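Q: The structure that follows is given in the form of structure tokens.
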Amino acid sequence: CHSDLEAQRCLPYANKTIKNSHETTILRGSQPGTILVPEKKVEVVEEKDTSSGSLGLYIFFYLIVTVSFAMITVPYNALIADKSHYSQRGFNSGVMGCMILLGNVSGAAVGIGLSEMGVLGAYGTAIAVVMVSVCVTVFTTTEKPGKQNLEPIGCVQIFCGFWEPFKEHDFRWVFFTRFLMQQGVSTVTGFLEYWLSDMIELPDCWNAGRGVAIMLLPMLFAAAISSIIFGILSDRFNRRKPIVIVAAFIMCICISTLTYIKGPSAYYIAVVVAFFFGIGFGSFQSVDFALVMDILPEEKDKAKDIAVWHLALILPNALATPVGGLILDYFESVNCRIGLGYIILFVVTTVYFLLSGIFVTRIRQAK
């Protein structure tokens, strides 16, 4: 169950690898004059490629899913903004964050039972939930009539409309605050499975996928509960900035802790750290949407600005993995024995959270 983690993570970065059909030798040691030590003979088995499908089609349909997700969430967020009273923005933001996190919890639960459900069962469940949720929103919610006699919109108007919100001081800082926070979260979640596989001894012969799913459950439950609690508190005391700063501080401490944990109990410590990380993340979620609602003028059309603000969620999902992958691969090649790649990756993630807590102080309209 417990393989040599150091050898496992260092194998791709070995300086020399000599292979033949009978034995494999790998480079051992890091001092000058290192010699090649023969390992036990390894039976070389040529595996048949049993995979099927097309990577190109997967990329194409994944793009469609991402675009469809944006098409749903942007007008949905604008609808929430239209329906939210000023005195309940924090509460509404917290409830929305809680529902998103509970959705993530259910997704983690599906991940635990993926082998029993199968791919079709898991995706069929997701499709059914989305269809029911959209129908409930569309057929049970009323909204103001749309504008009449709209002028045609060209590419120039779309481009100018995209950059227009960034002319506003507070919008820029709200955008950067959310972008950096999501960049940190996306980096953690994107590399958590690799970190568990390379650095942590998992209990009961679990694979990394199962370890991630179980680790996410306490984190997401804590985030969902804290999202509502801190949303209510932000309305009661009319304060948003202190909550973001506290959330950033908690998440910095949690990620820094993951850098140092080792040994047989490391996974259980990581689960506890994930719980506190969830409290910090939920705290930020509770005022995330309230911040953007606070800075948008009441008389202004909100959907366009919210669409631009939503990019602060979409872009980290696209950027965190390649940026983190480059950092991980480079520093692991420098010193894989101590897991330097993961240490530097977590340090960079901590900087994301730290800057997010600093940038929120630049917002003028929010308290």
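Cβ atoms are placed via backbone N, Cα and C, with glycine included.
Heads up, here are the entries from TrEMBL:
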{"type": "TRANSMEM", "residues": "55-79", "note": "transmembrane segment"}
{"type": "TRANSMEM", "residues": "91-114", "note": "transmembrane segment"}
{"type": "TRANSMEM", "residues": "120-139", "note": "transmembrane segment"}
{"type": "DOMAIN", "residues": "170-367", "note": "domain 'Major facilitator superfamily (MFS) profile'"}
{"type": "TRANSMEM", "residues": "173-192", "note": "transmembrane segment"}
{"type": "TRANSMEM", "residues": "212-233", "note": "transmembrane segment"}
{"type": "TRANSMEM", "residues": "242-261", "note": "transmembrane segment"}
{"type": "TRANSMEM", "residues": "267-296", "note": "transmembrane segment"}
{"type": "TRANSMEM", "residues": "308-328", "note": "transmembrane segment"}
{"type": "TRANSMEM", "residues": "340-361", "note": "transmembrane segment"}
Q: Between the stretches 242-261, 267-296, 308-328, which one has more Cβ pairs under 8 Å with the transmembrane segment (55-79) than any other?
A: 308-328
Q: Residues sitting near the transmembrane segment (242-261): Cβ under 8 Å, six or more positions beyond its termini, same chain?
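A: Contacts of the transmembrane segment (242-261) (Cβ under 8 Å, skipping residues fewer than 6 from its ends): 177, 181, 184, 188, 195, 200, 230, 233-234, 269-270, 273-274, 276-277, 279-281, 283-284, 286-287, 291, 342-343, 346-347, 349-350, 353-354, 356-357, 360-361.
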